[in-house]
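As recorded in TrEMBL, the features of this protein are as follows:
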DOMAIN    12-157  domain 'Oxo-4-hydroxy-4-carboxy-5-ureidoimidazoline decarboxylase'
DOMAIN    214-332  domain 'Transthyretin/hydroxyisourate hydrolase'
BINDING   His217, Arg267, Tyr330  substrate binding site
Amino acid sequence: MEEMKVDEKEALACCGSTQFAKQMALASPFPSLDHAVSAATDIWFNKVDVNGWLEAFAAHPQIGESPSPSSHTTSAQWSKGEQSTALATATDLGLQELSDWNARYRQKFGHVFLICAAGRSATEILAELTNRYWNRPIVELEIAAKEQMKITELRLRKLLSAKAEAVSTGSQYSKVVVSKAEERVSIIGQHLSASLEAFPGKAPQVQARSRPPITTHVLDVSRGSPAAGIEVRLEMWKGGEPCPLFGEMDRGGWVLQGCSTTDRDGRSGHLISMVDAVSPGVYRISFNTGKYCPVGFFPYVSIVFEIKESQKLEHFHVPLLLSPFSFTTYRGS
């Protein structure tokens, strides 16, 4: 099978971040479409910083607005197609509501409201917009990043499917090929837009891991920015009991798996070996929040979680949303 190439210009049309485009071009060519999507997911969530995220968001037109007639770029045409269902189902009043809420959203968060619009009606999008408006900025940034990855995957699949078909059938059938690719992308889009559980995007298990099976990301809610310089430790329970019991002493049953310090984007380095299958068991990830914020309420934060036998091939992302007097965590993938 011929390898699939993606140059910087093509990657930029899929995702408007120059960091992403350069990294994708360097990683190209790819042995398959799924490999390309897997690489894109890793680059977006692990190598592109927050500034790169915001640059990509800014490349999108506002939901409910078509690109200008003079815009003939690939990205603009894709945006038009992705919003076609919304535009076709919107009334004049609905478009005005979308415009008003978009303006409120941008004023609060500083960037365009981003959603994978493929297959979604104007009513669905407006409901999602009004619901997400009440999120904290740092939480909304994470959600927007997930939506951007959905859009990027749709566009990559569209780009590479069209390329593959063009090679096998000849350039004289390229228009037919693009039409077929768009039909496939529309179906994929409806499936992707049905869930927000893809952070940071679970790629098909077609290759060895490109990142450790357990990762974390710390965001400082009080500052609205990544939390850099926080010491992080990952431990695994090896005590006599199957798992540590609530209310009892640990009795030294935790064994260190790895430690690191968050970088300027709030992401830790490798906390565990790069293995295809993570060992099932109980893990504890701890953050030295007292050193990061000496006047805060928490001297440190520890989160205990269990990986089942059936989950050993999955990726586990444990982001921490931190302020001096509160914190929130959830399993990202």
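We count from 1, first residue shown onward.
Here the Cβ of each residue, glycine as well, is placed from N, Cα and C on the backbone.
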Residue distribution over DSSP helix, strand and coil in the domain 'Transthyretin/hydroxyisourate hydrolase' (214-332): 7 helix, 51 strand, 61 coil
Secondary structure content, the domain 'Oxo-4-hydroxy-4-carboxy-5-ureidoimidazoline decarboxylase' (12-157) (per DSSP, counts of residues): 101 helix, 1 strand, 44 coil
PLDDT averaged over every residue in the domain 'Oxo-4-hydroxy-4-carboxy-5-ureidoimidazoline decarboxylase' (12-157): 87
